[in-house]
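Written out below as structure tokens is the structure these notes cover.
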Amino acid sequence: MNGENITLSEKIVSPSYVRQGAQARRGHEQLIRHLLDQGKCPEEGWSESTIELFLSELAVMDSNNFLGNCGVGEREGRVASGLVARRHYRLIHGIGRSGDIAAVQPKAAGSSLLNKLTNSVVLDILRISGVRSVASCFVVPMATGMSLTLCFLTLRHRRPKARYIIWPRIDQKSCFKSMITAGFEPVVVENALEGDELRTDLEAVQRKIEELGAENVLCVHSTTSCFAPRVPDRLEELAAMCAKYDIPHIVNNAYGVQSSKCMHLIQQGARVGRIDAFVQSLDKNFMVPVGGAIIAGFDESFVQEISKMYPGRASASPSLDVLITLLTLGANGYKKYLSERKEIYLFLAEELKSLASAHGERLLHTPHNPISLAMSLDGLQASSNQAVTQLGSMLFTRQVSGARVIPLGKEQIISGHTFRGFMSHSESYPCPYLNAASAVGITRGDVTLCMKRLDKCLKALKKDGKAAGSNPTAALANQEAPLTND
């Protein structure tokens, strides 16, 4: 409400009451003014009323919400359902223009402002999380795999003769398919087993570069966040190698923002060598719906080049979701989530180690993985390979989501390439195992309940394996118990 309307209101309601209300509104406006001025995530989170006021004021700046608007084009922000309009806070035009996802839309000043502010706030969070020298980033309405593809397609214009991407193996389908979809040939480099950990084989990467010729390599595609016993790639060494051979370096940092260790690796890699871009998921790091990612880098011109490669306009939903979330949490609220995640990681490690010991198993020693843990399943393997896979099914039917059970010897063909030992990141990992992760938003209650249900499943499998003697499969068929709330 502007000053004139406030004055008119004083003729209707007691002036002292109106002034009090106006003062309260100015409190909301000061928060908005600070965001517009600084472009950073506020230290303390906003109330829902402040966020809704802000989004409402952005929405009235878009042409579809003009009171006298007369739209005669094919894209006028028309929405048939009021429910859909409210779900999007009447910000209907999306972001970008037909030739540039970062461009300002003449019809949608509010949506364009939303887009610019979101990118600025997210950039601030990346710096707070540990990549202090990141120069630029943008939110793209695609998940991590397609966002990586966009990076590879952008590099094609810089290196038109290159056809290979060198990729230290990580058994996640979208990572592999991101390279295939972009039209390149992945060169899979097997990991080196060091103790229980699977680590980057730097000598093998260098041999591949020299064998293929640096000019024929589009980039090295490395990974930070990953399932144990694989650990983050040796980013500093890879970055130095890429700088030496003048090869681009793209980092898959899917859920690494929540890990200070992963972010430190990226910062150090950029300091000592070359990292052209790093990509992270919105849902995994910021607890928003699936559908968005952040593409970031240390050369602003290259990040802008990637954004211009995106064809057409884009949905504003991922940008809107992450902006609302970060304004709600504030920088302090997000840092609190990160701190709690670290604490629960230690708790999860203790609980999983204790449970493993009680069942004659062990917690695999993977100190370089700051998010994921793994527990051996040698005892189940001794009963039968089916007992290992059955454990995964039993956990899922008991509402334990996210735990991965990895048997020995599984093969998977993806786009013509055969992965032996698929899901274990290795052709011959020495034991089957179970994964669990301490990701942002996890609670101690999640860990406690998971351990209780995992304990019951392991006891049931061992009991029936003994009862069945040489034919445990028949007993295992009876283990699909109904869902429980214990």
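Note: Cβ is positioned from N, Cα and C throughout, glycine not excepted.
Pulled from TrEMBL, these are the features on record:
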- Arg75: pyridoxal 5'-phosphate binding site (BINDING)
- Arg97, Ser98, Gln105, Arg313: substrate binding site (BINDING)
- Arg271, Arg398, Lys463: tRNA binding site (BINDING)
- Lys284: N6-(pyridoxal phosphate)lysine (MOD_RES)
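A separation of roughly 62 Å, to the nearest angstrom, links the Cα atoms of Lys463 (tRNA binding site) and Ser98 (substrate binding site). Taking all protein chains in view, 13 other C-beta atoms sit within 10 angstroms of the C-beta of Arg271 (tRNA binding site). When the binding-site residues Arg97, Arg313, Arg398 are compared by the number of other C-beta atoms lying within 10 angstroms of their own C-beta, Arg97 comes out lowest.
Sitting within 8 Å of the Cβ centre of Arg97, Ser98, Gln105, Arg313, and not among those site residues for substrate, are the Cβ atoms of Gly94, Ile95, Gly96, Gly99, Asp100, Ala103, Gly312.
Residue pair Gln105 (substrate binding site) / Arg75 (pyridoxal 5'-phosphate binding site) shows a Cα separation of 12 Å. Comparing the binding-site residues Ser98, Gln105 on other C-beta atoms within 10 angstroms of each C-beta gives the minimum for Ser98. Cβ-based neighbour count (10 Å, all protein chains) for Lys284 (N6-(pyridoxal phosphate)lysine) stands at 22. Spatially, by CA atoms, the recorded positions Arg97, Ser98, Lys284, Arg313 include one closest to Arg398 (tRNA binding site), and that is Lys284. Using CA atoms as reference points, the recorded positions Arg75, Arg271, Lys284 were checked against Arg313 (substrate binding site), and the closest is Arg75. For the pair Arg271 (tRNA binding site) and the residue listed as 'N6-(pyridoxal phosphate)lysine', the Cα-Cα distance reads 26 Å.
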